[in-house]
Every structure is written in structure tokens, then in C-alpha cells.
Amino acid sequence: MPDTAPQLRLYNMLTRTKEAFAPIDAKNVRMYVCGPTVYDFAHIGNARPVIVFDVLFRLLRHVYGAQHVTYARNITDVDDKINARAARDYPDLPFNEAIRKVTESTNAQFQADVTALGNLQPTVQPRATEHMDEMRAMIDRLVQRGVAYVAQDHVLFSPSAMNARKGPRYGALARRSLDEMLAGARVDVASYKRDEMDFVLWKPSKKGEPGWPSPAGIETLGRPGWHIECSAMSMAKLLEPFGGGLKCDDPERNQFDIHGGGIDLVFPHHENEIAQSCCALGTERMANIWMHNGFLQVEGQKMSKSLGNFITIRDVLNDGLPQLGEWGDNTVRDRWAGLAARLSMLQTHYREPINWTAQRLAESADELHRWYGLLRDEGFGAPEKLSHASAVAAALCDDLNSWAAITALRQAFKVRDVAALGEGMALMGLLDPYFVTASDVPIFARADVDASAIAARIAERLNFINAKNWAEADRIRDELLQEGVQLKDSKDPATGERITTWDVVG
């Protein structure tokens, strides 16, 4: 830990307060974040927790040392949506093979997309299908302890039975009673449930569906419920390698430091995770600190396919910055668009709702262009240590105050403090050394062009277009092309308004 490191403080959803972070073991800081269900392209709402907790991962590594931090983010590869996609996309294949194709291709795309957003790989990415043994063992323990029961080849968890015992109470995270949660929840009504709030730990597989040997003496094949998957995977990757798990009676060894995810997961998913893990492992807490990022809207509206504003990460990388055009290496183009998307998201505090707009994305790309231009001009090299990132680190140590961190970067740019700018960008995952050192990056061919003059001529052309004076509009376009500046017209996908971008050609 750096001697001058500020005190890290994080908002804990469990206590509803900002707390000084005190790891269970400073030489083994552990964090779990709920990851993707791999059945379709990830959307920009999925990108937000990936970026938020990547920044926290980087900060923890900066404060405690990279070798002392373990970050687990799961991959859910058992789900009804996966089954439906497999049946739709590969009707002629055996079902298990179709499922494998869906999960492998979708996961590969997810990994490529989030890498383009500037994220580090987590330490481990457990897949649900690799941890069936742990799930069955946890379920057996819960049945033995009287908080789960078998009914019609299902195993269900009973929140009422949990609350009848000594120890943590169901609803502590959401801060609602069972009656309040029942009133506000969409719960499956099934005859085999003892109580409406009981939730599935294991269920029988339907004919043709993937299935595994069942726990609790059930003879038919089955598959896990969603919530038990995360309890089992976090135990397998953050507890068992370090002496915890079902064979350990030490409550401290059966807790980890931080659990993260989107605000939509507080109930029922995270509430159910806590119930399962605490009852199975005999702890008061599953994780000491629970962190949740806020919702995302698109151009002021809820993102949905019905509104036509559903945007995937791949959409942003391919089309979010149309001025990029086609590069010789579109992987590099994706990385630039990904950094712009990352900066755009980090301009809103992680706990606040975010409004995704095409304008902010474009503005973020322009700001990155200025920052990288300074780094290129001054010959900045990839830093081995972040000894000049103290202002950014101090901001992030205040509950990941990314806006204050970006303000520090802007100040460093203003005074041309290249070390503080570059190292601060690195700490936030905004520094890609390629864009500092490469000589053939198309966007930096703009450096010798008068951007303000071009913007004025584009505005003049737009006035002619609005007046339907096509001849004058075409004249400006052609004159700019003769000067080596090519215009490209497109529409804002959310508003339908004309967007004109430009690039240097020839």
C-alpha cells in the first residue's frame, strides 16, 4: 500500500452509509461482481457495472498491490433465455450442442466488447456449469439446516424459516419486510411452494433440456436456480482457495470484502444470495460491503427495443462515432470508440442514474483526442508506477468519485502536467499506449487541420440544407473534399436529427 494513499471510503448498500474500507485481509482483498448471462449481445446498460467495478479493481490494485487483489466476475451459462436462443438459432443441432454454440460465441463477443471498453480481465471468471458440485453441496446444507425443502423434485428456500432462526434476517439488504417484498415482487405462484416468497434453488429439467444429477435425494435430472449459482461461485473462488467454504466453521473465513452489481439486482437476486450464503456458511454477512451502480437511460428515455433505442456495446463500437469511418484495423477503431464510451460513462457518479447521449459520446471522444494529443506531443511513455496520479486516486478513494477524478485530469491537461494526466488516465483505464506512440492513427491526422473553421463551414452547409439550397450545400461539401476533408452525413439513432462528421483523407 502506498504510504501516501488516502483512506478508501465506499458507500455500503447494506448499511446505507459511506464507510471506511477495511479489508478482512489486506494481503488478499476479494471482490465479486455479477456478470453476464451469455445469450445475446451485451447492451450499454450491461457495460456500466463492468466499467464501474473495473475502476474499483484498478483502485484496489493501486492501493493494496496487484498481487493482493482477487476479482471474480461470473458467467451465467445456464438459463431459460439461453435455451430459447439455442432452439431458435440452431434448430437442427442436438440441444446441448446448440446451447454450447450460443454460450461460447456470446461469451467471446462479450469479452471482446468489454476489452474494447478498456477493462482489465478479472482475476477469475467462473462459469455456472463448472460449479454444479458446489451448488449441490450448498443446497444439501440448506436442506439439512431447515431453511430449504424438497417439493415435487424442486428444492426451495424458505425466507420465513430463515427469519425464524437466530442470525441475519431476510430483507436486510432491501430493507423491506416479507409482506412488503411480496407486495412489490413478481413471484411465481406454484402449488408446491409452502409460501409465496419461497424461491427456487433447484428445479427439474424438462425433456430435452440440459440436466445434472440433483441434490437432496432427488432422482430426476435438474438444474440450478439463478441465485444459488452466484453463492456457489463466489464461495468457490473467494472462500475455498483461502481456507473457507462448507468445510470451515470460522465465520470470518466465510466472508469476502465487496460484492457489486447493478441497482436492479438488490432484490431479489442479491437478497437471495445473502440468504443462501449466510445460512449455508453460518455467517452474519456474505460480503462486508455491497455496491450498486445506478440505472441507465438513452436520450432521456428508458432503453427498450419497443422504443427503438436499444443500443448494444457492439453498436457503440461500430457506429457510435461515425466520424471514425473504416480504419485499416477496426479492432483499433473499436478501442478508440470504447475509450470514448468509458469516459462518457465515468462523467456520472456510479450511484447516480446516467443519461446516455450521442452528444456526450462525441464530446468525450473530442476530449480524449485533446488529452492524447498532449501526451503524443510530449512523448509520454507507458508508466511503470502511478506515482503522479495522487489527485485522481484521492478522488476515486471517495466512493469512486469519477467526476472529481475527471476534473483532476482536466486540470492536469490545462497546466500541461503530462505525468499527472497520463498516469491519472491509466488509473481510470483511459490510457491505451498505442494511441500515444503509434504514428499511423487516422484520428491524429486531424492535428494540422483548423477544426473550428471546418465546424463553421459544416454549420453553414446545414443552414443551406435546411433551406433546401442543395447546390450551395454541395458546393461546400465539394470544396472541403478538395481540401482533404471528407464529410459524412448520418442520423442520430435516438432523435433522427442530421449529424455531420468529418475526417481527413488523401
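Even glycines carry a Cβ here, placed using N, Cα and C.
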Going by Swiss-Prot, C34, H269, E273 bind Zn(2+); tell me which of C230, C248 is listed for that site too.
C230
Would you mind telling me which of 302-306, 327-331, 482-486 Swiss-Prot tags as motif ''KMSKS' region'?
302-306
Of the residue ranges 36-46, 355-365, 432-442, which one carries the motif ''HIGH' region' annotation in Swiss-Prot?
36-46
Average the per-residue pLDDT over the motif ''HIGH' region' (36-46) and send me the rounded value.
96
I need the neighbours of the Zn(2+) site defined by C34, C230, H269, E273. Which other residues of that chain put their C-beta within 8 angstroms of the C-beta centroid, in sequence order?
W226, H227, E229, S231, H259, G261, L265, H270, N272
Going by C-beta under 8 A and a gap of 6 or more residues, the same-chain neighbours of H269 (Zn(2+) binding site) are C34, W226, H227, C230, G261
Based on DSSP, name the secondary structure state of H269 (Zn(2+) binding site): helix, strand or coil.
helix
CB contacts under 8 angstroms to E273 (Zn(2+) binding site), restricted to the same chain and 6+ apart in sequence, sorted by sequence, are H227, C230, S231, S234, H259, M286
